[in-house]
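Undergrad: Attaching a single structure in C-alpha coordinates format; questions to follow.
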Amino acid sequence: MIIVLDPGIGNLHSVLGGLHRVGTEGRVVATRDEWEAAMAEEGRVQGVILPGVGAFGDAMSQMRVRGLCDVVRDAVARSVPLLGICLGMQLLFTSSEEHGVFRGLDLVPGHVVRFPEGAKVPHMGWNSLELRAPHHPLLRDVREGDYVYFVHSYYAVAERGADVIASTSYAGVDVPAVVARGRVMGTQFHPEKSGAVGERILANFVRIAAYPALLEGVSR
(Lines of atoms letter the chains of each structure in order from A and count residues from 1; the text may use other names and numbers.)
(Lines give C-alpha, C1' and ligand atoms only; values in the text may rest on other atoms or scores of the structure.)
Protein backbone atom coordinates (compact mmCIF):
# COMPACT_ATOMS: atom_id res chain seq x y z
CA MET A 1 0.00 0.00 0.00
CA ILE A 2 1.25 3.47 -0.92
CA ILE A 3 0.11 6.30 1.35
CA VAL A 4 -0.24 9.76 -0.22
CA LEU A 5 -0.09 12.43 2.47
CA ASP A 6 -2.46 15.39 2.17
CA PRO A 7 -1.10 18.52 3.86
CA GLY A 8 -3.73 20.58 2.04
CA ILE A 9 -1.27 22.14 -0.39
CA GLY A 10 -0.90 19.58 -3.18
CA ASN A 11 -2.68 18.27 -6.24
CA LEU A 12 -3.44 14.80 -4.94
CA HIS A 13 -5.49 13.81 -7.97
CA SER A 14 -2.52 14.04 -10.33
CA VAL A 15 -0.34 11.98 -7.98
CA LEU A 16 -3.05 9.37 -7.49
CA GLY A 17 -3.53 9.31 -11.25
CA GLY A 18 0.18 8.79 -11.77
CA LEU A 19 0.17 5.86 -9.36
CA HIS A 20 -2.86 4.40 -11.11
CA ARG A 21 -1.06 4.58 -14.45
CA VAL A 22 1.78 2.46 -13.07
CA GLY A 23 -0.64 -0.09 -11.66
CA THR A 24 -0.84 1.03 -8.04
CA GLU A 25 -3.59 2.63 -6.00
CA GLY A 26 -2.75 5.19 -3.34
CA ARG A 27 -4.56 5.82 -0.08
CA VAL A 28 -4.87 9.45 1.01
CA VAL A 29 -3.97 10.26 4.62
CA ALA A 30 -4.61 13.80 5.87
CA THR A 31 -4.14 13.42 9.64
CA ARG A 32 -2.23 11.39 12.19
CA ASP A 33 -5.46 9.58 13.14
CA GLU A 34 -5.97 8.54 9.51
CA TRP A 35 -2.39 7.27 9.41
CA GLU A 36 -2.94 5.15 12.50
CA ALA A 37 -6.20 3.83 11.04
CA ALA A 38 -4.44 2.92 7.79
CA MET A 39 -1.72 1.12 9.70
CA ALA A 40 -4.31 -0.84 11.66
CA GLU A 41 -6.53 -1.68 8.69
CA GLU A 42 -4.04 -2.35 5.95
CA GLY A 43 -1.10 -3.87 7.76
CA ARG A 44 2.31 -2.99 6.40
CA VAL A 45 2.51 0.38 4.68
CA GLN A 46 4.98 -0.07 1.85
CA GLY A 47 5.68 3.54 0.90
CA VAL A 48 4.72 7.15 1.60
CA ILE A 49 4.51 10.02 -0.90
CA LEU A 50 4.55 13.66 0.25
CA PRO A 51 3.37 15.93 -2.59
CA GLY A 52 3.09 19.69 -2.36
CA VAL A 53 2.81 23.01 -4.12
CA GLY A 54 2.84 26.51 -2.66
CA ALA A 55 4.88 28.14 0.10
CA PHE A 56 7.23 26.25 2.42
CA GLY A 57 6.12 27.96 5.65
CA ASP A 58 2.42 27.44 4.96
CA ALA A 59 3.03 23.80 4.16
CA MET A 60 4.99 23.15 7.36
CA SER A 61 2.27 24.89 9.37
CA GLN A 62 -0.38 22.62 7.86
CA MET A 63 1.83 19.59 8.41
CA ARG A 64 2.12 20.39 12.10
CA VAL A 65 -1.60 21.15 12.53
CA ARG A 66 -2.57 17.84 10.90
CA GLY A 67 0.04 15.81 12.74
CA LEU A 68 1.75 14.90 9.49
CA CYS A 69 5.23 15.80 10.74
CA ASP A 70 4.75 13.01 13.29
CA VAL A 71 3.47 10.73 10.52
CA VAL A 72 6.60 11.32 8.44
CA ARG A 73 8.86 10.69 11.43
CA ASP A 74 6.95 7.52 12.26
CA ALA A 75 7.29 6.30 8.67
CA VAL A 76 11.03 7.00 8.70
CA ALA A 77 11.42 5.28 12.08
CA ARG A 78 9.69 2.22 10.60
CA SER A 79 12.08 2.34 7.60
CA VAL A 80 9.19 2.96 5.20
CA PRO A 81 10.46 4.44 1.91
CA LEU A 82 9.42 8.08 1.52
CA LEU A 83 9.19 10.18 -1.66
CA GLY A 84 8.74 13.96 -1.56
CA ILE A 85 7.50 15.64 -4.74
CA CYS A 86 8.20 19.30 -5.67
CA LEU A 87 7.54 21.30 -2.48
CA GLY A 88 7.32 17.94 -0.73
CA MET A 89 10.98 17.35 -1.61
CA GLN A 90 11.94 20.77 -0.27
CA LEU A 91 10.16 20.02 3.02
CA LEU A 92 12.60 17.15 3.55
CA PHE A 93 15.42 19.67 4.03
CA THR A 94 16.52 21.46 7.18
CA SER A 95 15.11 24.91 6.45
CA SER A 96 13.89 27.38 3.82
CA GLU A 97 14.27 31.11 3.28
CA GLU A 98 10.99 31.37 1.35
CA HIS A 99 9.10 34.42 2.73
CA GLY A 100 11.06 34.20 5.99
CA VAL A 101 13.06 31.47 7.67
CA PHE A 102 11.21 28.23 8.33
CA ARG A 103 12.33 24.90 9.69
CA GLY A 104 11.70 21.80 7.61
CA LEU A 105 11.59 18.10 8.41
CA ASP A 106 15.41 17.95 8.51
CA LEU A 107 15.63 14.50 6.93
CA VAL A 108 18.10 15.71 4.30
CA PRO A 109 20.67 18.23 5.58
CA GLY A 110 20.55 21.44 3.58
CA HIS A 111 18.60 24.60 2.91
CA VAL A 112 16.08 25.87 0.38
CA VAL A 113 17.00 29.20 -1.23
CA ARG A 114 15.68 31.49 -3.96
CA PHE A 115 17.11 31.57 -7.46
CA PRO A 116 19.62 34.40 -8.02
CA GLU A 117 18.31 37.90 -8.62
CA GLY A 118 17.46 38.37 -12.27
CA ALA A 119 16.51 34.75 -12.85
CA LYS A 120 13.10 34.22 -14.40
CA VAL A 121 10.92 32.57 -11.78
CA PRO A 122 9.25 30.28 -11.46
CA HIS A 123 11.44 27.77 -13.22
CA MET A 124 8.53 26.31 -15.16
CA GLY A 125 8.59 23.80 -17.96
CA TRP A 126 10.61 20.88 -19.23
CA ASN A 127 14.28 20.53 -18.41
CA SER A 128 16.82 17.75 -18.80
CA LEU A 129 18.35 15.55 -16.12
CA GLU A 130 22.03 15.06 -15.40
CA LEU A 131 22.38 11.71 -13.65
CA ARG A 132 24.92 11.64 -10.84
CA ALA A 133 24.02 8.16 -9.61
CA PRO A 134 22.51 6.44 -12.65
CA HIS A 135 22.48 3.05 -10.93
CA HIS A 136 20.29 4.20 -8.03
CA PRO A 137 17.07 2.11 -8.03
CA LEU A 138 14.91 5.26 -8.21
CA LEU A 139 16.55 6.11 -11.55
CA ARG A 140 16.21 2.67 -13.12
CA ASP A 141 15.60 3.04 -16.90
CA VAL A 142 16.00 6.84 -16.66
CA ARG A 143 18.55 8.11 -19.17
CA GLU A 144 20.98 11.00 -19.15
CA GLY A 145 19.27 14.00 -20.74
CA ASP A 146 15.71 12.78 -20.18
CA TYR A 147 13.27 15.66 -19.78
CA VAL A 148 10.95 16.18 -16.81
CA TYR A 149 8.53 18.93 -15.78
CA PHE A 150 9.45 21.57 -13.17
CA VAL A 151 7.50 24.37 -11.47
CA HIS A 152 9.38 26.10 -8.61
CA SER A 153 10.86 29.43 -7.55
CA TYR A 154 13.22 28.10 -4.85
CA TYR A 155 15.70 25.25 -4.94
CA ALA A 156 17.47 23.06 -2.41
CA VAL A 157 21.16 23.28 -1.56
CA ALA A 158 22.22 19.95 -0.08
CA GLU A 159 25.00 19.96 2.50
CA ARG A 160 26.14 16.55 1.29
CA GLY A 161 26.68 16.36 -2.44
CA ALA A 162 26.18 12.59 -2.46
CA ASP A 163 22.53 13.12 -1.45
CA VAL A 164 21.89 14.58 -4.93
CA ILE A 165 21.50 11.73 -7.42
CA ALA A 166 20.31 13.83 -10.38
CA SER A 167 20.41 17.52 -11.18
CA THR A 168 19.34 20.02 -13.78
CA SER A 169 20.66 23.42 -14.82
CA TYR A 170 18.63 26.63 -14.63
CA ALA A 171 19.63 30.30 -14.44
CA GLY A 172 23.27 29.31 -14.02
CA VAL A 173 22.44 27.13 -11.02
CA ASP A 174 23.04 23.40 -10.64
CA VAL A 175 19.64 22.47 -9.23
CA PRO A 176 19.10 19.21 -7.31
CA ALA A 177 16.40 17.39 -9.28
CA VAL A 178 16.42 14.09 -7.38
CA VAL A 179 17.73 13.50 -3.86
CA ALA A 180 18.15 10.28 -1.94
CA ARG A 181 19.39 9.66 1.58
CA GLY A 182 18.75 6.08 2.59
CA ARG A 183 15.03 5.42 2.25
CA VAL A 184 14.21 9.13 2.07
CA MET A 185 13.95 10.33 -1.54
CA GLY A 186 12.58 13.32 -3.39
CA THR A 187 12.06 14.85 -6.83
CA GLN A 188 11.99 18.61 -7.42
CA PHE A 189 10.03 18.01 -10.61
CA HIS A 190 6.57 16.48 -10.90
CA PRO A 191 6.93 12.83 -12.00
CA GLU A 192 3.16 12.58 -12.35
CA LYS A 193 3.31 15.33 -15.00
CA SER A 194 6.52 14.18 -16.70
CA GLY A 195 5.19 11.64 -19.17
CA ALA A 196 6.88 8.28 -19.60
CA VAL A 197 10.02 9.33 -17.72
CA GLY A 198 8.00 10.40 -14.70
CA GLU A 199 6.01 7.19 -14.79
CA ARG A 200 9.24 5.20 -14.74
CA ILE A 201 10.31 7.05 -11.60
CA LEU A 202 6.95 6.48 -9.91
CA ALA A 203 7.09 2.81 -10.89
CA ASN A 204 10.62 2.63 -9.51
CA PHE A 205 9.47 4.09 -6.19
CA VAL A 206 6.62 1.58 -6.01
CA ARG A 207 9.14 -1.18 -6.68
CA ILE A 208 11.46 0.15 -3.96
CA ALA A 209 8.51 0.34 -1.57
CA ALA A 210 7.69 -3.31 -2.24
CA TYR A 211 11.34 -4.42 -2.08
CA PRO A 212 13.29 -1.90 0.05
CA ALA A 213 16.26 -4.28 0.03
CA LEU A 214 16.91 -2.84 -3.44
CA LEU A 215 18.46 0.13 -1.63
CA GLU A 216 20.96 -2.04 0.22
CA GLY A 217 24.46 -1.45 -1.00
CA VAL A 218 23.58 1.91 -2.54
CA SER A 219 26.38 4.16 -1.30
CA ARG A 220 24.54 7.43 -0.90
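Yeah, the Cβs are placed from backbone N, Cα and C, and that goes for glycine too.
From TrEMBL, for reference:
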- CYS86: active site, nucleophile (ACT_SITE)
- HIS190: active site (ACT_SITE)
- GLU192: active site (ACT_SITE)
- 4-206: domain 'Glutamine amidotransferase' (DOMAIN)
Undergrad: How many whole Å apart are the CA atoms of CYS86 (active site, nucleophile) and GLU192 (active site)?
TA: 11
Undergrad: Where does HIS190 (active site) sit in DSSP terms: helix, strand, or coil?
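TA: For HIS190 (active site) - judged by DSSP and reduced to three states - the answer is coil.
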